[in-house]
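Noted in TrEMBL for the protein shown:
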type	residues	note
DISULFID	C71-C402	disulfide bond
DISULFID	C268-C282	disulfide bond
Amino acid sequence: MLTFLWKFIVFYVFYTSGFLSNYVTFEDEANIPAIAKYFNTKGRYEEVNPYLREDILAVNRSILQPPLDECQQIHLTAIIRHGTRYPTTKNIKEMQQLYNMILHNASGEQSWLHELQTQWRMWYTEDMDGRLVQKGVDELKHLAVRLSKLFPSLISEEKLRGGFIKFITSSKHRCVNSTLSFKAGLTELWHIKDKEFDHAVNDALMRFFDKCTRFLEEVDNNPSAVTEVEKFKQGPEMRRVQQKIADILNVPYSSITYDMAEAAFYLCAYEFAIKTVNSPWCRLYDEVDAQVMEYANDLKHFWKRSYGYDINSKSSCILFHDVFSRLEKAAKENMSGQQVAEAVTVQVGHAETLLPLLTLLGFFNDSEPLTSTNFAAQTRRSFRTSHMLPYAANLILVLYDCGGGDLRLQPLLNEKPVTFPGLADQASMPLYQDVLQHYRDLLQGCDFETECQLFKQPAEV
């Protein structure tokens, strides 16, 4: 009864304020697939922050916890992944192949299989190719509003109108449209109709991985760089998942390749992320199966974008230096008594933008690397892209002035405080100078041009 009353109060407040249609949803748990928390980079932001299922604009300012009451926020940099998108053309082709097999070859008495064969239709088309969906638009709008509530002195109408908030984006349509959506979240919140706000397209920063020759040659376009991934795809855990799917569908084992299994997993994930539907496709997997699929994708991200090879993280040197140069500029302006010219920087990119930078900063670095043979030993790993990189994932760095030259830097990932690796003794808001000291080698080196020169032998970690 109390839960119902609380929900009614929230409903009433938002209804009378005009926000209901855009912002408030209450989800029935039955609509959430049991395997939703294993969808890697195809997962919803709400699975990382479940409280948003009740109130999509909910924030908890107590998580910021500055050490002193007089601490003032002076600069914020937000590096944000685009919102929910359609599958890519490659994925859609694989989904179509699987759907054709279900229609023409699968058999069984299960009601959900009958539903797939008689009611579900393949509605994904190749021209969708990774474009932002309406859910993605809403995610960025909602994120903008939540961040304005978390950091009201920085993300404010005055700062936006005054030109103190800068927007940078990747050139990809899903990122540009995510940037437009973030801006719309603010302009709609403050009913701004008399002014538009520019954004800059900068692929050198937000798609650095396309510009790094060494990364492209030694990792991205090198099949041998993902040997561990291929071994796992051929290993006993994945074979069991594929054979189980074949048994359920009454088709030969040879019919269910890894790509087919992945296509079914993605269909479950996309149907949920885009349409909030607990699709019949999800019935092909139990939780153990989903953990295997998640591990296969985590292996790929580990070896192609993260700790597998040194160049993966070093390719983000240009973004690393850009972030810290903005922080340093804000710190110097503040210390000299000037108004900080760039109070907020919003940079929209990709999962492939965020992961190398998180790796360079040392986050989610387990004691043992992910390999094809240690799936069972890695059940408690910190490297879980399902937790790190859902749609609209974000890394936020907030610079505080706590008086007397005491500057602090707080990192947040997906709106939750995290601790800089190596600075755990200072909790989530270490001294800014200690952060600079901790990363001094990267700040003094980590030159993008030098790191990305092509060498004969790849450097492994």
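Backbone N, Cα and C define each Cβ position, glycine as well.
For the pair C402 (disulfide bond) and C268 (disulfide bond), the Cα-Cα distance reads 48 Å. Cα of C282 (disulfide bond) to Cα of C71 (disulfide bond): a span of 48 Å. Most Cβ neighbours within 10 Å among the disulfide-bonded residues C268, C282, C402: this distinction goes to C268.
All protein chains shown were included, and the count of other CB atoms within 10 Å of the CB of C71 (disulfide bond) stands at 19.
On a Cα basis, C71 (disulfide bond) lies 45 Å away from C268 (disulfide bond).
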